[in-house]
Amino acid sequence: MESEQLYHRGYCRNSYNSIASASSDEELLDGAGVIMDFHTTEDDNLLDGDAASPGSNYAMSNGGGAPSSTTHLLDFLEEPIPGVGTYDDFHTIDWVREKCKDRERHRKINSKKKESAWEFTKSLYDAWSGWLVVTLTGLASGALAGLIDIAADWMNDLKEGVCLSAMWFNHEQCCWTSNETTFAERDKCPQWKSWAELILGQAEGPGSYIMNYFMYIYWALSFAFLAVCLVKVFAPYACGSGIPEIKTILSGFIIRGYLGKWTLMIKTITLVLAVASGLSLGKEGPLVHVACCCGNIFSYLFPKYSKNEAKKREVLSAASAAGVSVAFGAPIGGVLFSLEEVSYYFPLKTLWRSFFAALVAAFVLRSINPFGNSRLVLFYVEYHTPWYLFELIPFILLGVFGGLWGAFFIRANIAWCRRRKSTRFGKYPVLEVILVAAITAVVAFPNPYTRQNTSELIKELFTDCGPLESSQLCQYRSQMNGSKAFSDNPNRPAGPGVYAAMWQLCLALIFKIIMTIFTFGLKVPSGLFIPSMAIGAIAGRIVGIAMEQLAYYHHDWFLFKEWCEVGADCITPGLYAMVGAAACLGGVTRMTVSLVVIVFELTGGLEYIVPLMAAVMTSKWVGDAFGREGIYEAHIRLNGYPFLDAKEEFTHTTLARDVMRPRHSDPPLAVLTQDDLTVEELQATINETSYNGFPVIVSKESQRLVGFALRRDITIAIENARRKQEGIMLNSRVYFTQHAPTLPADSPRPLKLRSILDMSPFTVTDHTPMEIVVDIFRKLGLRNEIVLGGRMIVLGIITKKNILEHLEELKQHTEPLAASWYYHKKRYPSSHGSNGRPRSRVHHVQLIRSFQDGRGGGGDDSEEEEEVHLLDGSNL
């Protein structure tokens with residue numbers, strides 16, 4: 001039923017069968033602050049038009065010769081026109097048109113599959129191409145994730161020393177085969193040499209400490225410098241986590257090259273370097289970007305996806321699930337993450353394929369076994385005691401801490417990123433990375449909990465104390481003789497090692513909070529999952545130890561007396577660390593369902609799902625009290641991406657006429673008439689205006705809507721006509737009707753453009769509540785809507801950019817605000833258009849016929865020639 005409705009809307013036409021989708025994946029973007037020009041995006045006003053993009057102003061000379069002697073009208077435009085229906089860079093796709101185009105392709109394949117065995121084989125290939133592309137994506141994602149894990153562990157240990165027996169072994173692998181390790185010092189073996197032992201020949205003493213300190217800083221700076229240089233020179237899109245951009249791309253926005261081959265290669269290499277440098281970042285978020293790059297590259301092998309932007313986004317949704325699957329070893333959590341956090345359009349078929357992609361990726365990662373523990377994850381733990389009802393109080397308090405930390409981090413990080421954009425400091429990304437890496441290395445080395453890899457730190461904090469644990473956190477006193485012992489009973493008095501570890505953890509907590517704020521957003525691959533989990537795990541372990549000692553020394557209190565028996569297990573500090581990690585990550589990202597599933601898959605703690613749910617929901621409620629945006633939505637808004645968040649509610653009472661363009665003070669709306677234009681007038685329209693589309697009306701007297709024509713499609717169609725059809729001249733009549741108008745006998749051949757006309761554009765009346773308009777934009781993925789008055793008369797247009805500006809204006813409760821890129825524009829006087837020429841003033845609706853009188857139109861010059869410093873200080 002939906003297919004028939006969309007088909008009758010007029011979107012499914014032969015002109016959309018052949019789509020030549022340009023790819024600029026191999027394009028290298030130079031410099032750290034890449035300038036993205038949004039001046040022709042559909043998200044910019046079709047009325048407040050911005051200057052046309054390079055290549056859109058075609059120089060149209062009279063390519064046709066004398067009129068052909070035949071009177072037959074060569075209507076070549078009934079055939080598919082290469083390029084019509086494609087999109088320029090930094091444009092938003094038309095979801096409805098793309099879905100209808102796919103249904104038309106599917107109907108064509110089904111109608112031909114019974115004609116021959118070859119056609120039947122092609123139909124089978126088309127049906128299985130979706131499963132093939134997600135299989136390839138899962139295989140590549142799992143293989144790359146395993147490679148990144150192994151390389152990052154090896155390079156991280158390289159800062160401390162080297163394995164003489166095998167250079168490619170990290171510290172743990174180097175000592176596996178050694179027979180000279182002890183239980184207390186299981187990480188020390190003759191095969192592993194620290195840099196002090198290699199250079200000075202001594203393992204202990206002040207000199208060796210200083211040498212190890214120096215080499216730690218040297219390797220950290222070297223890795224960070226190499227990472228930022230590779231990103232700056234070869235692939236600026238490889239910086240940041242990539243999740244805000246993935247969310248925007250999945251909503252329909254096009255960023256050519258962001259998911260390309262160069263970005264994939266550089267991000268894979270620099271992610272290893274960035275993690276090994278010791279910066280307060282993780283690899284889990286960037287792994288989603290890596291997986292989406294794999295999905296985008298493999299989709300070009302299948303025409304079903306390479307020629308349809310909406311179908312390609314189904315592959316990217318599955319790829320994001322595979323990315324989380326290999327990042328955390330959580331296949332189900334990856335599917336839920338794609339559904340809850342990043343995907344804009346997620347049909348049931350995409351759910352199945354996302355599940356399969358996550359399964360394949362997890363299988364490959366398990367086969368590689370990068371952690372050497374025969375498990376998918378590093379954090380797998382097993383707790384032997386249940387949780388008790390009274391523990392919900394500290395669990396909820398950890399949720400409150402997570403929400404407060406999330407709200408504080410979002411505001412502080414966004415403020416720093418905005419300051420980076422507006423100061424000279426942001427112009428030197430290499431210097432900033434080196435400075436942050438130097439401070440991190442200098443401060444982190446003296447504290448063993450900040451010196452070690454963040455993933456190893458989280459594993460240690462999650463682990464429950466037992467007889468086989470030699471961590472300082474497990475140095476409790478025996479109740480018999482007061483000496484250090486490792487009893488099976490966790491509820492025992494803490495020894496000096498535990499108190500020393502508590503102080504070190506407090507210092508590590510402060511250090512992680514400060515450095516994470518300044519690290520997220522640097523021009524290196526930087527994820528936020530692991531740093532946030534580390535902060536929560538530290539806080540949770542501190543609370544867990546405090547509760548444990550409280551239960552030991554005050555076991556006669558009502559709470560403990562009811563639930564804890566003397567000499568029995570009661571409090572598990574590792575569980576508190578796990579709950580705190582989930583709470584802090586939830587406070588930053590505002591994830592709920594997917595986060596809980598990821599954490600219990602990550603740790604194997606299915607029994608503790610209720611404490612996780614309580615802490616995560618509490619952190620979300622507390623965080624939402626200070627602002628409903630998560631960190632990714634905040635960075636999307638900071639970078640000015642055209643993204644309508646489906647989670648945001650519209651509660652205002654404005655109408656469509658309050659938002660539509662043009663407004664009373666704006667120049668009139670430029671429209672086309674259906675059958676009395678010439679090629680010359682249409683050429684003047686393209687050259688003199690910067691609108692991305694034009695409503696087509698019956699005539700200047702009637703002004704009733706006929707359809708909508710995109711600027712890009714008109715340009716491509718005229719250029720194609722000049723190349724392939726003789727007799728198209730500057731004074732050739734252009735018509736959008738089914739039949740050609742009556743013309744004099746000596747008139748040049750007319751040009752029919754009906755096939756590129758959207759005969760049923762989405763329309764609303766000027767009294768439609770904006771709540772409904774916003775819902776239509778969100779659920780159908782529209783780029784624009786035409787506003788009509790009585791008798792179908794065109795009054796104006798509403799675009800996605802207009803809605804975003806209106807929402808921002810309502811949030812601020814002030815005068816209308818410009819977009820976030822408003823302050824980086826070329827300016828022209830108010831009396832001039834985007835090309836610097838004087839603009840004319842025409843009463844009522846501006847008709848293209850006015851160009852015969854030498855009158856041109858232009859949009860609101862305040863929205864023209866926009867140059868967005870998108871990557872300058874942003875989190876990409």
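Cβ coordinates are placed from backbone N, Cα and C, and glycine is handled just like the others.
Keep in mind that TrEMBL annotations are predicted by a computer and have not been checked by a curator.
Looking at the domain 'CBS' (660-726) alone, the prediction's average pLDDT is 83. Annotated domain 'CBS' per TrEMBL: 660-726 (among others), in sequence order.
Sequence annotations record features per position, and here TrEMBL assigns domain 'CBS' to 757-815 (among others).
Residues annotated as region 'Disordered' in TrEMBL: 851-876.
According to TrEMBL, the transmembrane segment annotation covers 128-148 (among others).
Counting residues 6+ beyond its ends, the transmembrane segment (216-238) has Cβ neighbours under 8 Å at 28-32, 34, 155, 158-160, 245, 255, 257-258, 260, 262-263, 265-267, 269-270, 273-274, 276-279, 429-430, 433-434, 436-438, 440-442, 445, 451, 522-525, 871, 876 in the same chain. Among the features that TrEMBL reports, transmembrane segment is placed at 216-238 (among others).
The feature transmembrane segment is assigned by TrEMBL to 258-279 (among others).
For the transmembrane segment (286-303), same-chain residues at least 6 beyond its ends with a Cβ under 8 Å from one of its own Cβ atoms are 23, 25, 129, 132-134, 136-137, 140-141, 144-145, 148, 240-243, 245-246, 249, 259-261, 263-264, 267-268, 271, 312, 315-316, 318-320, 322-324, 326-327, 342, 361, 525-527. Residues or ranges marked as transmembrane segment in TrEMBL: 286-303 (among others).
Per TrEMBL, the feature transmembrane segment maps to 315-339 (among others). Among residues of the same chain six or more beyond the transmembrane segment (315-339), those with a C-beta under 8 A of the stretch's C-beta atoms are 130, 133-134, 137-138, 141-142, 145-146, 246, 249-250, 259, 283-285, 287-292, 294-296, 298-299, 305, 345-346, 350-351, 353-362, 364-365, 375-377, 529, 591, 593-595, 597-599, 601-602.
Counting residues 6+ beyond its ends, the transmembrane segment (388-410) has Cβ neighbours under 8 Å at 513, 516-517, 532, 535-536, 539-540, 543-544, 547, 559-560, 562-564, 570-571, 576, 579-580, 582-590, 611, 614-627, 629-631, 634 in the same chain. What TrEMBL records for 388-410 (among others) is transmembrane segment.
For 430-449 (among others), the entry in TrEMBL reads transmembrane segment.
The annotation transmembrane segment is assigned in TrEMBL to 501-522 (among others). Nonlocal intrachain contacts for the transmembrane segment (501-522), taken as residues 6+ away from its ends with a CB within less than 8 angstroms of a stretch CB, comprise 228, 239-241, 279-281, 405, 409, 412-413, 416-417, 420, 429, 432-433, 436, 439-440, 443-444, 447-450, 457, 471-473, 475, 528, 531-532, 534-535, 538-539, 541-542, 545, 631, 635, 873-875.
Taken from TrEMBL, the feature transmembrane segment covers 534-555 (among others).
Taken from TrEMBL, the feature transmembrane segment covers 575-600 (among others).
Outside the transmembrane segment (128-148), and at least 6 residues removed from its termini, the chain residues within Cβ reach (under 8 Å) are 268, 271-272, 283, 287, 290-291, 294-295, 298-299, 301-302, 304-305, 314-315, 318-319, 322-323, 325-327, 349, 353-354, 356-365, 367-368, 370. When DSSP labels each residue, the domain 'CBS' (660-726) comes out as 24 helix, 19 strand, 24 coil, counted as helix, strand and coil in that order. Each residue of the domain 'CBS' (757-815) gets a DSSP state, and the totals for helix, strand and coil are 27 helix, 17 strand, 15 coil.
Remote same-chain partners of the transmembrane segment (430-449), defined as residues 6 or more beyond its termini with a Cβ less than 8 Å from a stretch Cβ, comprise 32, 213, 216-217, 220-221, 223-225, 227-229, 232, 277-280, 420, 457, 472, 501, 504-505, 507-508, 511, 515, 518-519, 522-524, 538.
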